[in-house]
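Trainee: As annotated in Swiss-Prot:
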type	residues	note
BINDING	SER14, GLY15, ASP16, VAL17, ASN288	NAD(+) binding site
Amino acid sequence: MTPTVKCPVAILGSGDVGTDLMMKILRSDGPLTVGALVGLDPEPGGLARAERLGVPTSAAGIDGLPAMPEFGDIGIVFDATPAGAPRAELEKAGVCVLDLNPAVVGPHCVPAVNLEDHLDTPNLNLVTGAGQATVPIVAAVGRVGAVSYAETVTSVAAKSADPATRANIDESIETTTAALRTVGGARRARSIFIINPADPPILMRNTVYCLVDGDVPRGDIEQSIAAMVERVTSYVPGYRLKQRVQFETFTATDPLHIPETGGFTGTRVTVLVEVTAGEPHLPGYAGNLEMMTSAAKAAAERIALHRSRTAGAAT
């Protein structure tokens, strides 16, 4: 059944991420509608496409949004600009802002893991594409055993890494690493990001290593990961395990040597995840962008429904 709730949203940034997000919302029968797409370059690209589709646009950047007649109806703003836009006017208006860039303003949010804890938070950071793909796996392992260390390696196609992605790569790695701890629950973490120039372009691939204290029940970890993958797949259909979860046990007589921390005894869990982007705007190899736009749309839909129910209960 089509939801009766309709929440107009504004998208800041008319590049690949902003345009794909717009197309996803336009083709959805969910609670979101596109009230505005804001960028800096009227054509070619997202703004020209939005105008053809009847979406209100502005080429004046963030400063142009409050001046638009549609601004008063906007309930949620997606910030898909490379470094994050100033938001004093947005805060005054009381809109919810979802950041699709590594500039951390609000708490980290990964919908499959912790969105329900932040439905009333005015500003959420959606981490990175790598974080959206890997943090759920670390969190799933952490629900069975204590993750003392998590390391993730994400490889993306060079064609899916635009200039903004390349310019912000250090900040993206820092944000992903932080989210592995704050959302994933790992005590220590490291994130590695690789831009692969192969042609034809590769699909997004993520390898997640978790060092878990003690000899944990492997079946429970596999079940927890499978359940988490199912949750992520509900909003990113192209997200899947590449192969079965791998386990390796290290004992006191044969520990795993880790630089700076010494020997580790316990279980190493290795998970391989692959992401294929889908319709309508992104090519299949742009899984890193797919993770961001799909997570953003899922988060906004849940927040919109929550706000509607909260407002209804208050009247």
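Indices start at 1 and increase along the chain as displayed.
Note that Cβ sites are derived from N, Cα and C of the backbone, with glycine treated the same way.
As the structure is a computational prediction, the values presented were derived from the model and not from experiment.
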Trainee: Tell me which residues of the chain lie with their Cβ under 8 angstroms from that of GLY15 (NAD(+) binding site), as long as they are six or more apart in sequence?
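Mentor: Listed in sequence order, they are GLY39, GLY45, GLY46, ALA80, ASP162, ALA164.
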Trainee: Rounding to the nearest whole angstrom, report the longest C-alpha distance spanning SER14, GLY15, ASP16, VAL17, ASN288, listed for NAD(+).
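Mentor: 17 Å is the greatest Cα spacing among the residues binding NAD(+).
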Trainee: Let me check the 10 A CB neighbour count of VAL17 (NAD(+) binding site). How many other CB atoms are there?
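Mentor: I get 30 for this one.
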Trainee: What count of other C-beta atoms do you get within 10 angstroms of the C-beta of ASP16 (NAD(+) binding site), across all chains shown?
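Mentor: Summing over all protein chains shown, ASP16 (NAD(+) binding site) has 21 other Cβ atoms within 10 Å.
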Trainee: Which chain-mates of SER14 (NAD(+) binding site) that are at least 6 residues away have a CB under 8 A from its CB, listed by sequence?
Mentor: LEU37, VAL38, GLY39, LEU40, ASP41, GLY45, GLY46, LEU47, ALA50, THR57
Trainee: According to DSSP, does ASN288 (NAD(+) binding site) sit in a helix, a strand, or coil?
Mentor: helix
